[in-house]
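Notes to accompany the following structure.
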Amino acid sequence: MINDHESVIDVGSDDERENFEDEEDTTTVYSSDPLSRPTMDRSLAAKMYIEQYYINAQQSVKERGQRRKDLELKLENMKLSSKESNDLRKELDKKESDYMRIKRLKLKRSDFEVIRIIGRGAFGEVSLVRHRESNDLYAMKRLKKSEMLKKEQAAHVRAERDVLASANTNWVVKLYYSFQDDNYLYLIMEYLPGGDMMSLLIKYDIFTENQARFYIAETILAIESVHTLGYIHRDIKPDNLLLDSKGHVKLCDLGLCTGFHRLHSSEFYQMLVGDAMTIKMKLIEATPLTQTERIASWKKARRALAYSAVGTPDYTAPEVFLQIGYNKEVDWWSLGVILYEMVVGHPPFLSDNTTETCLKILNCKETLQIPTDMGLSKEVIDLIKRLVCEKDRYKSADEIKLHPFFKGVNWDNIRNQSAPFVPELKSPTDTSNFDIYEEIPNDIDDDDNNNNNNSNNNINLNDNINSNCTYTTPTKKSNIMGKGNIKDKDLAFIGFTFKGFDAVNKSPTNRRNVESIFNTNNSTTTSTTK
(Lines of atoms letter the chains of each structure in order from A and count residues from 1; the text may use other names and numbers.)
(Lines give C-alpha, C1' and ligand atoms only; values in the text may rest on other atoms or scores of the structure.)
Protein backbone atom coordinates (compact mmCIF):
# COMPACT_ATOMS: atom_id res chain seq x y z
CA MET A 1 0.00 0.00 0.00
CA ILE A 2 1.42 3.34 -0.92
CA ASN A 3 2.23 5.77 1.84
CA ASP A 4 -0.21 8.53 0.85
CA HIS A 5 0.98 10.94 3.51
CA GLU A 6 4.47 12.26 3.50
CA SER A 7 5.36 13.72 6.86
CA VAL A 8 7.29 16.60 5.41
CA ILE A 9 7.06 19.85 7.30
CA ASP A 10 7.25 22.89 5.07
CA VAL A 11 10.45 24.83 5.66
CA GLY A 12 9.70 27.53 3.12
CA SER A 13 10.84 28.27 -0.40
CA ASP A 14 14.45 28.78 -1.47
CA ASP A 15 14.16 32.55 -1.35
CA GLU A 16 12.56 32.36 2.10
CA ARG A 17 15.42 30.26 3.40
CA GLU A 18 17.83 32.98 2.26
CA ASN A 19 16.56 34.94 5.25
CA PHE A 20 19.19 33.04 7.18
CA GLU A 21 22.00 34.76 5.34
CA ASP A 22 23.73 37.70 6.97
CA GLU A 23 22.10 41.08 6.46
CA GLU A 24 22.95 44.61 7.44
CA ASP A 25 22.23 44.83 11.16
CA THR A 26 19.67 47.56 11.78
CA THR A 27 18.08 45.88 14.78
CA THR A 28 17.82 47.19 18.29
CA VAL A 29 20.91 46.53 20.39
CA TYR A 30 20.37 44.03 23.18
CA SER A 31 22.54 42.68 25.95
CA SER A 32 25.64 40.87 24.71
CA ASP A 33 25.27 38.32 27.50
CA PRO A 34 25.34 34.94 25.67
CA LEU A 35 23.05 33.48 28.31
CA SER A 36 20.35 36.11 27.97
CA ARG A 37 16.83 34.85 27.32
CA PRO A 38 16.61 36.20 23.74
CA THR A 39 19.94 34.57 22.85
CA MET A 40 18.93 31.23 24.33
CA ASP A 41 15.54 31.32 22.59
CA ARG A 42 17.09 32.14 19.22
CA SER A 43 19.62 29.35 19.66
CA LEU A 44 16.91 26.87 20.54
CA ALA A 45 14.74 27.93 17.60
CA ALA A 46 17.69 27.67 15.20
CA LYS A 47 18.58 24.24 16.53
CA MET A 48 15.01 23.01 16.16
CA TYR A 49 14.77 24.44 12.65
CA ILE A 50 18.01 22.86 11.44
CA GLU A 51 17.21 19.48 12.95
CA GLN A 52 13.74 19.48 11.44
CA TYR A 53 15.05 20.56 8.05
CA TYR A 54 17.44 17.63 7.72
CA ILE A 55 15.01 15.12 9.17
CA ASN A 56 12.44 16.21 6.59
CA ALA A 57 14.92 16.13 3.72
CA GLN A 58 15.94 12.58 4.56
CA GLN A 59 12.36 11.47 5.08
CA SER A 60 11.28 13.06 1.80
CA VAL A 61 13.81 11.07 -0.21
CA LYS A 62 12.88 7.87 1.61
CA GLU A 63 9.15 8.25 1.08
CA ARG A 64 9.47 9.26 -2.55
CA GLY A 65 11.50 6.11 -3.16
CA GLN A 66 8.91 4.05 -1.31
CA ARG A 67 6.11 5.37 -3.50
CA ARG A 68 8.04 4.36 -6.61
CA LYS A 69 8.73 0.93 -5.13
CA ASP A 70 5.07 0.46 -4.25
CA LEU A 71 4.01 1.40 -7.76
CA GLU A 72 6.40 -1.10 -9.34
CA LEU A 73 5.13 -3.86 -7.05
CA LYS A 74 1.56 -3.07 -8.06
CA LEU A 75 2.43 -3.00 -11.75
CA GLU A 76 3.97 -6.47 -11.50
CA ASN A 77 0.60 -7.87 -10.42
CA MET A 78 -1.41 -6.09 -13.11
CA LYS A 79 -1.78 -7.16 -16.70
CA LEU A 80 -0.96 -3.87 -18.36
CA SER A 81 0.73 -3.06 -21.62
CA SER A 82 4.16 -1.50 -21.60
CA LYS A 83 2.62 1.81 -22.65
CA GLU A 84 0.05 1.74 -19.82
CA SER A 85 2.75 0.99 -17.26
CA ASN A 86 4.97 3.78 -18.53
CA ASP A 87 2.04 6.20 -18.51
CA LEU A 88 1.44 5.42 -14.83
CA ARG A 89 5.12 5.91 -14.04
CA LYS A 90 5.03 9.28 -15.79
CA GLU A 91 1.90 10.21 -13.86
CA LEU A 92 3.60 9.42 -10.56
CA ASP A 93 6.60 11.51 -11.65
CA LYS A 94 4.26 14.40 -12.40
CA LYS A 95 2.57 14.03 -9.03
CA GLU A 96 5.97 14.10 -7.34
CA SER A 97 6.79 17.33 -9.16
CA ASP A 98 3.41 18.80 -8.24
CA TYR A 99 4.00 17.79 -4.64
CA MET A 100 7.35 19.58 -4.59
CA ARG A 101 5.58 22.74 -5.75
CA ILE A 102 2.88 22.32 -3.12
CA LYS A 103 5.51 22.04 -0.40
CA ARG A 104 6.91 25.42 -1.42
CA LEU A 105 3.56 27.18 -1.12
CA LYS A 106 2.98 29.47 1.83
CA LEU A 107 -0.56 28.90 3.07
CA LYS A 108 -2.57 31.42 5.04
CA ARG A 109 -6.11 31.61 6.26
CA SER A 110 -7.22 34.07 3.58
CA ASP A 111 -6.50 31.35 0.97
CA PHE A 112 -9.70 29.68 2.17
CA GLU A 113 -13.27 30.96 1.95
CA VAL A 114 -15.31 30.05 5.03
CA ILE A 115 -18.67 28.66 3.92
CA ARG A 116 -20.08 27.76 7.32
CA ILE A 117 -19.00 26.88 10.84
CA ILE A 118 -19.86 23.23 11.55
CA GLY A 119 -18.40 22.85 15.04
CA ARG A 120 -17.27 25.02 17.93
CA GLY A 121 -15.55 24.07 21.16
CA ALA A 122 -13.57 25.41 24.08
CA PHE A 123 -10.34 25.75 22.09
CA GLY A 124 -11.49 26.66 18.60
CA GLU A 125 -13.87 25.82 15.79
CA VAL A 126 -14.28 23.72 12.65
CA SER A 127 -15.55 25.25 9.40
CA LEU A 128 -16.42 24.03 5.94
CA VAL A 129 -14.10 26.01 3.66
CA ARG A 130 -13.32 26.29 -0.04
CA HIS A 131 -9.79 26.84 -1.32
CA ARG A 132 -10.07 30.01 -3.37
CA GLU A 133 -7.70 28.93 -6.14
CA SER A 134 -8.64 25.26 -6.62
CA ASN A 135 -12.27 25.39 -5.37
CA ASP A 136 -11.59 22.21 -3.37
CA LEU A 137 -13.67 21.76 -0.22
CA TYR A 138 -12.08 21.07 3.16
CA ALA A 139 -12.87 21.07 6.85
CA MET A 140 -10.67 23.67 8.55
CA LYS A 141 -9.99 23.23 12.25
CA ARG A 142 -8.78 26.46 13.84
CA LEU A 143 -7.30 26.46 17.34
CA LYS A 144 -6.28 29.49 19.37
CA LYS A 145 -2.63 29.28 20.41
CA SER A 146 -3.04 31.14 23.68
CA GLU A 147 -5.85 28.80 24.77
CA MET A 148 -3.81 25.77 23.75
CA LEU A 149 -0.98 26.85 26.02
CA LYS A 150 -3.14 28.10 28.87
CA LYS A 151 -5.06 24.82 28.99
CA GLU A 152 -1.89 22.77 28.40
CA GLN A 153 -3.10 21.50 25.03
CA ALA A 154 0.05 22.05 22.95
CA ALA A 155 1.09 18.42 23.21
CA HIS A 156 -2.41 17.22 22.37
CA VAL A 157 -2.82 19.28 19.21
CA ARG A 158 0.67 18.25 18.10
CA ALA A 159 -0.25 14.61 18.74
CA GLU A 160 -3.34 14.98 16.57
CA ARG A 161 -1.33 16.58 13.79
CA ASP A 162 1.33 13.84 13.97
CA VAL A 163 -1.17 10.96 13.91
CA LEU A 164 -3.17 12.45 11.04
CA ALA A 165 0.02 13.15 9.10
CA SER A 166 1.24 9.57 9.49
CA ALA A 167 -2.11 7.82 8.94
CA ASN A 168 -2.45 6.02 5.61
CA THR A 169 -5.88 4.51 6.00
CA ASN A 170 -9.46 5.10 4.99
CA TRP A 171 -10.54 4.77 8.62
CA VAL A 172 -9.01 8.07 9.76
CA VAL A 173 -9.91 11.54 8.48
CA LYS A 174 -7.27 12.75 6.00
CA LEU A 175 -5.05 15.70 6.81
CA TYR A 176 -3.98 17.70 3.75
CA TYR A 177 -2.25 20.69 5.31
CA SER A 178 -1.44 22.25 8.65
CA PHE A 179 -0.10 25.77 9.13
CA GLN A 180 -0.18 28.65 11.60
CA ASP A 181 -0.17 32.41 11.99
CA ASP A 182 0.37 34.76 14.93
CA ASN A 183 -2.67 33.63 16.88
CA TYR A 184 -3.98 30.36 15.47
CA LEU A 185 -3.13 26.82 14.42
CA TYR A 186 -4.91 25.40 11.36
CA LEU A 187 -5.61 21.81 10.33
CA ILE A 188 -6.98 21.46 6.78
CA MET A 189 -8.74 18.10 6.58
CA GLU A 190 -11.16 16.28 4.33
CA TYR A 191 -14.77 17.34 4.71
CA LEU A 192 -17.07 14.51 5.78
CA PRO A 193 -20.66 15.69 5.13
CA GLY A 194 -22.43 12.90 7.01
CA GLY A 195 -22.00 14.52 10.41
CA ASP A 196 -21.05 12.36 13.39
CA MET A 197 -22.37 9.32 15.22
CA MET A 198 -23.72 11.47 18.03
CA SER A 199 -26.06 13.19 15.56
CA LEU A 200 -27.36 9.79 14.43
CA LEU A 201 -27.93 8.68 18.01
CA ILE A 202 -29.76 11.91 18.82
CA LYS A 203 -31.92 11.51 15.71
CA TYR A 204 -32.77 7.80 15.98
CA ASP A 205 -32.33 7.26 19.74
CA ILE A 206 -31.84 3.47 19.52
CA PHE A 207 -30.28 1.31 16.79
CA THR A 208 -31.31 -2.21 15.93
CA GLU A 209 -28.66 -4.81 16.65
CA ASN A 210 -27.99 -5.16 12.92
CA GLN A 211 -27.41 -1.41 12.61
CA ALA A 212 -25.23 -1.36 15.71
CA ARG A 213 -23.26 -4.36 14.43
CA PHE A 214 -22.32 -2.50 11.25
CA TYR A 215 -21.15 0.68 12.96
CA ILE A 216 -19.34 -1.12 15.78
CA ALA A 217 -17.57 -3.33 13.22
CA GLU A 218 -16.37 -0.27 11.30
CA THR A 219 -15.33 1.41 14.54
CA ILE A 220 -13.27 -1.67 15.44
CA LEU A 221 -11.40 -1.37 12.15
CA ALA A 222 -10.90 2.36 12.70
CA ILE A 223 -9.50 1.83 16.21
CA GLU A 224 -7.34 -1.01 14.93
CA SER A 225 -5.83 1.30 12.30
CA VAL A 226 -4.81 3.79 15.01
CA HIS A 227 -3.35 1.00 17.15
CA THR A 228 -1.38 -0.20 14.13
CA LEU A 229 0.23 3.23 13.99
CA GLY A 230 1.37 2.71 17.56
CA TYR A 231 -1.12 5.07 19.19
CA ILE A 232 -3.89 4.80 21.77
CA HIS A 233 -6.80 7.07 20.93
CA ARG A 234 -8.06 7.49 24.54
CA ASP A 235 -11.06 9.55 23.45
CA ILE A 236 -13.29 7.17 21.51
CA LYS A 237 -16.86 8.49 21.67
CA PRO A 238 -19.75 9.09 19.23
CA ASP A 239 -18.66 12.71 18.70
CA ASN A 240 -15.36 11.50 17.25
CA LEU A 241 -16.87 9.01 14.80
CA LEU A 242 -17.48 11.03 11.62
CA LEU A 243 -19.53 9.79 8.67
CA ASP A 244 -18.56 10.25 5.03
CA SER A 245 -20.94 10.91 2.15
CA LYS A 246 -21.89 7.21 2.05
CA GLY A 247 -22.38 6.86 5.79
CA HIS A 248 -19.14 5.05 6.61
CA VAL A 249 -17.15 5.71 9.77
CA LYS A 250 -13.90 7.66 10.06
CA LEU A 251 -12.08 8.56 13.27
CA CYS A 252 -11.20 12.14 14.14
CA ASP A 253 -9.95 14.16 17.14
CA LEU A 254 -6.84 12.09 17.73
CA GLY A 255 -5.23 14.49 20.15
CA LEU A 256 -7.63 14.63 23.12
CA CYS A 257 -8.15 18.29 22.25
CA THR A 258 -11.68 18.35 23.66
CA GLY A 259 -11.49 15.33 25.87
CA PHE A 260 -11.75 14.81 29.60
CA HIS A 261 -8.03 15.27 30.22
CA ARG A 262 -8.43 18.31 32.47
CA LEU A 263 -9.84 16.03 35.15
CA HIS A 264 -7.20 13.36 34.71
CA SER A 265 -5.67 13.92 38.12
CA SER A 266 -4.70 10.78 39.99
CA GLU A 267 -5.09 12.58 43.31
CA PHE A 268 -8.61 13.66 42.40
CA TYR A 269 -9.70 10.17 41.45
CA GLN A 270 -7.94 8.51 44.35
CA MET A 271 -9.97 10.83 46.55
CA LEU A 272 -13.13 9.71 44.76
CA VAL A 273 -12.28 6.04 45.11
CA GLY A 274 -11.99 6.05 48.90
CA ASP A 275 -13.18 2.78 50.30
CA ALA A 276 -15.90 0.69 48.72
CA MET A 277 -18.50 1.42 51.39
CA THR A 278 -18.06 5.20 51.12
CA ILE A 279 -18.57 5.05 47.36
CA LYS A 280 -21.67 2.91 47.69
CA MET A 281 -23.18 5.39 50.13
CA LYS A 282 -22.40 8.32 47.82
CA LEU A 283 -24.07 6.53 44.92
CA ILE A 284 -27.15 5.80 46.98
CA GLU A 285 -27.43 9.38 48.23
CA ALA A 286 -26.71 11.13 44.90
CA THR A 287 -29.92 10.21 43.06
CA PRO A 288 -32.23 13.24 43.08
CA LEU A 289 -33.57 12.52 39.57
CA THR A 290 -35.43 9.50 38.29
CA GLN A 291 -33.75 7.53 35.51
CA THR A 292 -36.27 8.86 32.98
CA GLU A 293 -35.59 12.44 34.05
CA ARG A 294 -31.85 11.83 34.01
CA ILE A 295 -31.91 10.46 30.45
CA ALA A 296 -34.04 13.37 29.23
CA SER A 297 -31.70 15.91 30.84
CA TRP A 298 -28.65 14.20 29.36
CA LYS A 299 -30.07 14.17 25.84
CA LYS A 300 -30.95 17.85 26.05
CA ALA A 301 -27.41 18.86 27.04
CA ARG A 302 -25.58 16.23 24.97
CA ARG A 303 -24.07 18.44 22.28
CA ALA A 304 -23.15 21.30 24.60
CA LEU A 305 -21.32 18.92 26.93
CA ALA A 306 -19.40 17.41 24.04
CA TYR A 307 -17.97 20.80 23.07
CA SER A 308 -17.19 21.98 26.60
CA ALA A 309 -13.66 22.26 27.97
CA VAL A 310 -14.33 19.50 30.48
CA GLY A 311 -16.05 17.15 28.05
CA THR A 312 -17.80 13.99 29.17
CA PRO A 313 -16.33 11.08 31.15
CA ASP A 314 -19.07 8.65 30.04
CA TYR A 315 -16.80 6.75 27.62
CA THR A 316 -13.56 6.82 29.62
CA ALA A 317 -12.07 3.65 31.13
CA PRO A 318 -11.41 3.61 34.90
CA GLU A 319 -7.66 3.11 34.51
CA VAL A 320 -7.42 6.37 32.53
CA PHE A 321 -9.00 8.22 35.44
CA LEU A 322 -6.63 6.68 37.94
CA GLN A 323 -3.54 7.00 35.70
CA ILE A 324 -2.22 3.75 37.11
CA GLY A 325 -0.94 2.59 33.73
CA TYR A 326 -3.12 1.70 30.79
CA ASN A 327 -2.85 0.37 27.24
CA LYS A 328 -4.91 -0.12 24.09
CA GLU A 329 -7.64 -1.82 26.08
CA VAL A 330 -9.00 1.59 27.13
CA ASP A 331 -10.24 2.10 23.56
CA TRP A 332 -12.11 -1.21 23.66
CA TRP A 333 -13.83 -0.11 26.88
CA SER A 334 -15.07 2.99 25.03
CA LEU A 335 -16.27 0.78 22.17
CA GLY A 336 -18.36 -1.25 24.62
CA VAL A 337 -19.91 1.90 26.09
CA ILE A 338 -20.86 3.10 22.59
CA LEU A 339 -22.40 -0.29 21.77
CA TYR A 340 -24.45 -0.07 24.98
CA GLU A 341 -25.64 3.42 24.04
CA MET A 342 -26.60 2.28 20.53
CA VAL A 343 -28.84 -0.58 21.68
CA VAL A 344 -30.12 0.86 24.99
CA GLY A 345 -30.39 4.59 24.20
CA HIS A 346 -27.99 6.13 26.71
CA PRO A 347 -24.53 5.43 28.19
CA PRO A 348 -24.39 2.79 30.95
CA PHE A 349 -23.08 5.08 33.71
CA LEU A 350 -25.36 8.06 33.10
CA SER A 351 -25.62 10.25 36.21
CA ASP A 352 -26.66 13.70 37.36
CA ASN A 353 -23.09 15.01 37.33
CA THR A 354 -19.58 14.05 36.23
CA THR A 355 -18.45 13.14 39.74
CA GLU A 356 -21.20 10.57 40.11
CA THR A 357 -20.47 9.24 36.62
CA CYS A 358 -16.82 8.77 37.58
CA LEU A 359 -17.80 6.96 40.76
CA LYS A 360 -20.00 4.59 38.80
CA ILE A 361 -17.27 3.89 36.26
CA LEU A 362 -14.77 3.17 39.03
CA ASN A 363 -17.27 0.66 40.45
CA CYS A 364 -18.38 -0.72 37.08
CA LYS A 365 -18.60 -4.29 38.37
CA GLU A 366 -21.53 -3.28 40.57
CA THR A 367 -22.99 -0.35 38.63
CA LEU A 368 -23.15 -1.78 35.08
CA GLN A 369 -26.78 -2.75 34.56
CA ILE A 370 -28.10 -3.99 31.22
CA PRO A 371 -31.90 -3.73 30.83
CA THR A 372 -33.70 -7.06 30.70
CA ASP A 373 -36.91 -5.72 29.17
CA MET A 374 -35.52 -4.56 25.80
CA GLY A 375 -35.22 -7.94 24.12
CA LEU A 376 -31.44 -7.72 23.68
CA SER A 377 -29.73 -10.84 22.37
CA LYS A 378 -27.40 -12.83 24.59
CA GLU A 379 -24.62 -12.11 22.09
CA VAL A 380 -24.80 -8.32 22.40
CA ILE A 381 -25.14 -8.55 26.20
CA ASP A 382 -22.08 -10.79 26.43
CA LEU A 383 -20.03 -8.52 24.16
CA ILE A 384 -20.86 -5.47 26.28
CA LYS A 385 -19.82 -7.34 29.42
CA ARG A 386 -16.55 -8.44 27.79
CA LEU A 387 -15.70 -4.85 26.85
CA VAL A 388 -17.05 -2.81 29.77
CA CYS A 389 -15.22 -4.56 32.58
CA GLU A 390 -12.10 -4.15 34.69
CA LYS A 391 -10.70 -7.67 34.29
CA ASP A 392 -10.65 -10.10 31.36
CA ARG A 393 -11.39 -7.30 28.90
CA TYR A 394 -10.73 -8.05 25.24
CA LYS A 395 -7.17 -7.04 24.35
CA SER A 396 -7.17 -6.85 20.56
CA ALA A 397 -9.31 -6.32 17.50
CA ASP A 398 -8.71 -9.91 16.40
CA GLU A 399 -10.25 -11.20 19.64
CA ILE A 400 -13.29 -8.97 19.30
CA LYS A 401 -13.87 -9.91 15.65
CA LEU A 402 -14.26 -13.56 16.69
CA HIS A 403 -17.15 -12.81 19.05
CA PRO A 404 -20.46 -14.46 18.01
CA PHE A 405 -22.12 -11.02 17.77
CA PHE A 406 -20.12 -10.39 14.59
CA LYS A 407 -20.98 -13.66 12.88
CA GLY A 408 -21.41 -13.02 9.17
CA VAL A 409 -19.54 -9.69 9.09
CA ASN A 410 -17.38 -9.36 5.97
CA TRP A 411 -14.46 -7.56 7.57
CA ASP A 412 -12.46 -7.28 4.34
CA ASN A 413 -15.24 -5.65 2.34
CA ILE A 414 -17.40 -3.83 4.86
CA ARG A 415 -16.50 -0.38 3.55
CA ASN A 416 -17.91 -1.31 0.15
CA GLN A 417 -21.26 -2.33 1.66
CA SER A 418 -24.23 -0.01 2.11
CA ALA A 419 -24.38 1.73 5.48
CA PRO A 420 -27.61 1.54 7.53
CA PHE A 421 -28.06 5.31 7.26
CA VAL A 422 -26.86 7.06 4.10
CA PRO A 423 -26.74 10.87 4.31
CA GLU A 424 -29.14 12.72 2.00
CA LEU A 425 -27.03 15.48 0.49
CA LYS A 426 -28.39 18.17 -1.82
CA SER A 427 -24.99 19.52 -2.84
CA PRO A 428 -21.26 19.13 -2.09
CA THR A 429 -21.56 22.00 0.40
CA ASP A 430 -24.57 20.55 2.22
CA THR A 431 -24.05 20.98 5.98
CA SER A 432 -27.50 19.84 7.11
CA ASN A 433 -25.99 17.06 9.21
CA PHE A 434 -24.22 19.57 11.45
CA ASP A 435 -25.54 21.96 14.08
CA ILE A 436 -25.98 25.64 13.23
CA TYR A 437 -23.46 28.08 14.68
CA GLU A 438 -23.50 31.86 14.47
CA GLU A 439 -20.58 33.68 12.92
CA ILE A 440 -18.46 35.75 15.30
CA PRO A 441 -18.32 39.37 13.99
CA ASN A 442 -14.93 40.58 12.71
CA ASP A 443 -13.46 37.16 13.37
CA ILE A 444 -12.91 35.81 9.87
CA ASP A 445 -9.89 37.92 8.96
CA ASP A 446 -8.52 38.89 12.33
CA ASP A 447 -5.32 36.96 11.79
CA ASP A 448 -4.56 38.61 8.45
CA ASN A 449 -5.37 42.07 9.81
CA ASN A 450 -3.20 41.45 12.81
CA ASN A 451 -0.28 40.40 10.65
CA ASN A 452 -0.64 43.49 8.47
CA ASN A 453 -0.93 45.85 11.42
CA ASN A 454 2.24 44.50 12.95
CA SER A 455 4.25 44.14 9.79
CA ASN A 456 6.58 47.00 10.65
CA ASN A 457 7.51 45.63 14.04
CA ASN A 458 7.02 41.86 14.16
CA ILE A 459 8.23 39.69 11.32
CA ASN A 460 6.31 36.42 11.10
CA LEU A 461 8.52 33.51 10.09
CA ASN A 462 6.04 30.75 10.87
CA ASP A 463 6.04 29.36 7.33
CA ASN A 464 9.77 29.81 6.94
CA ILE A 465 10.75 27.69 9.90
CA ASN A 466 7.49 25.94 10.75
CA SER A 467 6.96 28.16 13.72
CA ASN A 468 5.54 31.55 14.42
CA CYS A 469 8.69 33.33 15.58
CA THR A 470 8.54 37.12 15.72
CA TYR A 471 11.52 39.41 16.05
CA THR A 472 11.55 43.10 16.89
CA THR A 473 13.13 45.27 14.23
CA PRO A 474 12.50 48.89 13.21
CA THR A 475 12.34 48.75 9.44
CA LYS A 476 13.21 45.51 7.72
CA LYS A 477 12.76 41.76 7.79
CA SER A 478 14.78 39.95 10.36
CA ASN A 479 15.78 36.33 10.60
CA ILE A 480 16.11 33.64 13.19
CA MET A 481 19.77 34.46 13.75
CA GLY A 482 19.10 38.17 14.32
CA LYS A 483 18.18 40.22 17.35
CA GLY A 484 14.83 40.20 19.09
CA ASN A 485 12.54 38.20 21.31
CA ILE A 486 10.85 34.91 20.54
CA LYS A 487 7.52 34.42 22.26
CA ASP A 488 6.98 31.34 24.38
CA LYS A 489 3.98 30.32 22.28
CA ASP A 490 6.13 30.43 19.14
CA LEU A 491 8.64 27.86 20.36
CA ALA A 492 5.83 25.52 21.38
CA PHE A 493 4.60 25.12 17.79
CA ILE A 494 7.83 24.95 15.76
CA GLY A 495 7.42 22.10 13.28
CA PHE A 496 3.62 22.24 13.11
CA THR A 497 3.41 23.02 9.38
CA PHE A 498 2.64 20.04 7.11
CA LYS A 499 1.71 19.39 3.49
CA GLY A 500 0.54 15.88 2.66
CA PHE A 501 1.03 13.95 -0.58
CA ASP A 502 -2.74 13.43 -0.73
CA ALA A 503 -3.06 17.08 -1.69
CA VAL A 504 -2.00 16.22 -5.26
CA ASN A 505 -4.80 13.65 -5.49
CA LYS A 506 -7.67 16.04 -4.73
CA SER A 507 -8.76 16.44 -8.36
CA PRO A 508 -10.76 13.32 -9.34
CA THR A 509 -10.48 11.56 -12.68
CA ASN A 510 -12.40 8.69 -14.26
CA ARG A 511 -9.48 7.04 -16.01
CA ARG A 512 -7.06 4.55 -14.50
CA ASN A 513 -4.52 6.51 -12.48
CA VAL A 514 -1.90 6.14 -9.79
CA GLU A 515 -4.31 6.95 -6.97
CA SER A 516 -6.85 4.34 -8.07
CA ILE A 517 -4.14 1.68 -8.26
CA PHE A 518 -3.01 2.32 -4.72
CA ASN A 519 -6.57 2.29 -3.40
CA THR A 520 -7.88 -0.91 -4.96
CA ASN A 521 -8.92 -2.21 -1.53
CA ASN A 522 -10.36 0.59 0.55
CA SER A 523 -11.35 -1.70 3.37
CA THR A 524 -7.83 -2.54 4.47
CA THR A 525 -6.33 -1.05 7.61
CA THR A 526 -2.78 -1.01 6.33
CA SER A 527 -0.88 2.05 7.43
CA THR A 528 2.67 3.19 7.79
CA THR A 529 4.25 4.44 10.97
CA LYS A 530 6.57 7.40 10.63
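Glycine is no exception: its Cβ is also placed from the backbone N, Cα and C atoms.
Classification of ASP235 (active site, proton acceptor) by DSSP places it in coil, neither helical nor stranded. Neighbour count (other Cβ atoms within 10 Å of the Cβ, all protein chains): 26 for ASP235 (active site, proton acceptor). Swiss-Prot lists ASP235 with the feature active site, proton acceptor.
Swiss-Prot lists ILE118, GLY119, ARG120, GLY121, ALA122, PHE123, GLY124, GLU125, VAL126, LYS141 with the feature ATP binding site. Take the CB of ARG120 (ATP binding site) and look out to 10 A: across all protein chains shown you find 16 other CB atoms.
Annotation source Swiss-Prot lists coiled coil at 56-108, citing sequence analysis.
Among the features that Swiss-Prot reports, compositional bias 'Acidic residues' is placed at 12-26.
Look at Swiss-Prot and you will find 450-461 tagged as compositional bias 'Low complexity'.
Swiss-Prot lists 112-406 with the feature domain 'Protein kinase', giving sequence analysis as the kind of evidence.
Mean predicted confidence for the domain 'AGC-kinase C-terminal' (407-508): the pLDDT average there is 63. What Swiss-Prot lists as domain 'AGC-kinase C-terminal' is 407-508, and the listing cites sequence analysis.
For 1-37 (among others), the entry in Swiss-Prot reads region 'Disordered'.
Under the heading region 'Disordered', Swiss-Prot lists 442-461 (among others).
When Cβ atoms from all protein chains are considered, those within 10 Å of ILE118 (ATP binding site) total 22, not counting its own. ILE118 (ATP binding site) sits 20 Å from ASP235 (active site, proton acceptor), taking the CA atoms of both as reference points. The binding-site residues under consideration are ALA122, GLY124, VAL126. Their Cβ neighbour counts within 10 Å are lowest for ALA122. Across the residues the record lists as binding ATP (ILE118, GLY119, ARG120, GLY121, ALA122, PHE123, GLY124, GLU125, VAL126, LYS141), the two Cα atoms farthest apart are 14 Å from each other. Cα of ARG120 (ATP binding site) to Cα of ASP235 (active site, proton acceptor): a distance of 18 Å.
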